[in-house]
Amino acid sequence: MDKKEYSETFYHPYKPYDIQVQLMETVYRVLSEGKKIAILESPTGTGKTLSLICATMTWLRMNKADIFTRMETNIKTNEDDSENLSDDEPDWVIDTYRKSVLQEKVDLLNDYEKHLNEINTTSCKQLKTMCDLDKEHGRYKSVDPLRKKRKGARHLDVSLEEQDFIPRPYESDSENNDTSKSTRGGRISDKDYKLSELNSQIITLLDKIDGKVSRDPNNGDRFDVTNQNPVKIYYASRTYSQLGQFTSQLRLPSFPSSFRDKVPDEKVKYLPLASKKQLCINPKVMKWKTLEAINDACADLRHSKEGCIFYQNTNEWRHCPDTLALRDMIFSEIQDIEDLVPLGKSLGICPYYASREALPIAEVVTLPYQYLLSESTRSSLQINLENSIVIIDEAHNLIETINSIYSSQISLEDLKNCHKGIVTYFNKFKSRLNPGNRVNLLKLNSLLMTLIQFIVKNFKKIGQEIDPNDMFTGSNIDTLNIHKLLRYIKVSKIAYKIDTYNQALKEEESSKNENPIKETHKKSVSSQPLLFKVSQFLYCLTNLTSEGQFFFEKNYSIKYMLLEPSKPFESILNQAKCVVLAGGTMEPMSEFLSNLLPEVPSEDITTLSCNHVIPKENLQTYITNQPELEFTFEKRMSPSLVNNHLFQFFVDLSKAVPKKGGIVAFFPSYQYLAHVIQCWKQNDRFATLNNVRKIFYEAKDGDDILSGYSDSVAEGRGSLLLAIVGGKLSEGINFQDDLCRAVVMVGLPFPNIFSGELIVKRKHLAAKIMKSGGTEEEASRATKEFMENICMKAVNQSVGRAIRHANDYANIYLLDVRYNRPNFRKKLSRWVQDSINSEHTTHQVISSTRKFFSMRSLNSR
């Protein structure tokens, strides 16, 4: 199949919509032309994920096919070097040798695909038997060094004993030594081993099948060298549930082999990367409740004398039959994250480390944002983006995510609680701690007291910038001490021991008092432990850059915030072949260009904003021109606006929309919604509206109302959901079909300009404009647009909840006269802009609404 046919079909499993073809062609063209960035907006419900898969996998397989063809051509034209043959050999001998080498590598590729097919037809219970058979065929030569050890390890004591809370002896001045050896019984750390193990870059597929990589005679895997894919597709998203949706979509299409008839059946080598919290199978580690504690407990166990029964940091473990069997089982079919845990348990092999070992073979890798966006995490996991395709989905949150990864915040209350926790821990275990641990805990406590005193003495207003050197003025704390304390926290794993000990005390006290910990407290248990927050904050203190700023935030907090997200993103851009930023609501795209890609030439950036797959008659967007409906900061509390105009609009709309269809309205803040509800309740308007439609409203600390609203809609009683922009219901929840036949945006949801974060960001942006030669007017314009972009991104994200598939229908109501202004209107998503109705007065809007739903009712008969 030639390139034209590839680009026309993309092996989509269904007949694609026009916008899906448009998106696939754009992605394929970007990759073929070597463009660096693609920013793609495709509304939710338009098959965006499947289109991205089809386009990128088609290009990937075509690219590998081109490499294979060039390799065959090089053999025919004698362009390769047959270093194992003498220059005096006849040409026909050299040619025959080259062909035989190529054929040998192709045979190995074919053998591996057949091997994966064998696994795919074998149940998990038969897997060990199959491994033994494979050994007879010479695929696995090593003896499983762990089997005997695992047999006697079925019953593990996972209860928390006092010994679990005590760190290993720590030498206070050992920072100049190899800490992995001095504190871990001579074992080498994973990071040190990994960095030396896979340091060479893989450029083309020919490098992998040319036979030049020396083979370890103790390596029992005959496929280890031949199946490493130099160009990969890395797909990152915000949550594991979103990554799971990608997995289900990847199962739908089928792609041809890169090697044509030479290797007729080439499976998609898919690898889902996840954290130890998702993949760990050791009960001694999983008894801890937070990700940070699990990571530290894992490291503690692996480097202990006892070790982990499911993993060893040795070549022997990497090439033992069960480890290789788990790796191959991962690639035998498209496995989800949840599939890896039972597979690992059935073989007694750690799925987390086995999946890391499988990375070189993978074609497609899914990973959470943190794994991709944090350079240190990529390094520790040996994620090499060189010449690969990086897809970042749900990218409307990308800038905020980068900022949060490289930022840190600690409050006065956090510091006091951490101080109290250390004192409690120290008083309990001081007689059982060696001098190194005691000294460092006292130093850490002294540092906390210094920070507490600094906040109490210096906090004056939110947004007040802080010189980090001022935090320790007049104290005996200096940067060197902080570096040593950070080393201590990292090596000793003291953070999870202190935090979990104090949590155990709370649970024990609660049990004695027969007063179970409230649900809200249980939720906090899984949040980040305090001492980890402290260590992150200290890390920011010791790694100062000009791109960040310390300042005071609300609740007597000190925050470090990254101000230039483009800096850490540069490393991804520099390594990857192409970065695709995709999402359902990517407007305004100017935000990405100015904040994330300022140094990328415009000719290297491709943008696409797709329309929706629904027929045009299935969506209407209304913007009122009534001056009374203006929710500015000065006017929004007006009794006339709230009790008359806003209330009457909801009453009229509730009557115009059929009762079987729900209405979802988004308010700019919890405070404003609470004000509206209070006003309506004071004069019985709330009861009046509630008689027309059952009202459900979101409260900041309230219970989940979605299930009640959904049940009410299902019963056809007429329901109205009042939600918050940026709240629990504005993102990630699909209000499809009758759950939302009308979505209302009340006002323009500008962020709080008095928050410390926005004060510092706006000041930084204005200073940057002035520094580059701009005027005060230009700086003012830039900060104004910055605020507008935040606002309109939130609008697009909220109204995008309404339409979820091709047959869905709904109306959008933008309830503020300011939406008529070009600067706001042009920042709406394209599919929303294209659906704007010319009706402007509320009377006209309601009349048009009745006609809209009347037509839907007639068409459904």
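The backbone N, Cα and C atoms fix where each Cβ goes, glycine too.
The domain 'Helicase ATP-binding' annotation in Swiss-Prot covers 6-458.
Taken from Swiss-Prot, the feature ATP binding site applies to SER42, PRO43, THR44, GLY45, THR46, GLY47, LYS48, THR49, supported by sequence analysis. According to DSSP, GLY45 (ATP binding site) is assigned to coil rather than to any helix or strand.
Taken from Swiss-Prot, the feature phosphoserine covers SER86 (among others), and the record attributes it to a large-scale study or a structure entry.
The feature region 'Disordered' is assigned by Swiss-Prot to 161-188.
The phosphoserine annotation in Swiss-Prot covers SER172 (among others).
The DSSP secondary structure for CYS280 ([4Fe-4S] cluster binding site) is coil. Taken from Swiss-Prot, the feature [4Fe-4S] cluster binding site covers CYS280, CYS298, CYS308, CYS350.
Long-range contacts of the motif 'DEAH box' (393-396) within its own chain (CB-CB distance under 8 A, at least 6 residues past either end) are made by residues 39, 48-49, 52, 235-238, 242, 246, 581-586, 592, 793, 796-797. According to Swiss-Prot, the motif 'DEAH box' annotation covers 393-396.
The binding-site residues PRO43, GLY45 differ in how many other CB atoms lie within 10 Å of their CB, and the one with the most is PRO43. Taking Cα separation as the measure, THR46 (ATP binding site) is nearest to CYS280 of the binding-site residues CYS280, CYS298, CYS308, CYS350. A straight line from the CA of CYS308 ([4Fe-4S] cluster binding site) to the CA of GLY45 (ATP binding site) spans 45 Å. Residues SER51, GLY584, CYS610, VAL613 surround the recorded ATP site, their Cβ atoms falling within 8 Å of the Cβ centroid of SER42, PRO43, THR44, GLY45, THR46, GLY47, LYS48, THR49, which are themselves excluded. Helix, strand and coil residue tallies for the motif 'DEAH box' (393-396), in that order: 2 helix, 0 strand, 2 coil [DSSP]. Considering only the binding-site residues CYS280, CYS298, CYS350, PRO43 (ATP binding site) has CYS280 as its nearest partner by CA-CA distance. All protein chains included, SER42 (ATP binding site) registers 27 other Cβ atoms within 10 Å of its own Cβ. Rounded to a whole number, the distance between the Cα atoms of CYS280 ([4Fe-4S] cluster binding site) and LYS48 (ATP binding site) is 32 Å. The distance from the Cα of THR44 (ATP binding site) to the Cα of CYS280 ([4Fe-4S] cluster binding site) comes to 33 Å.
A straight line from the CA of GLY45 (ATP binding site) to the CA of CYS350 ([4Fe-4S] cluster binding site) spans 37 Å.
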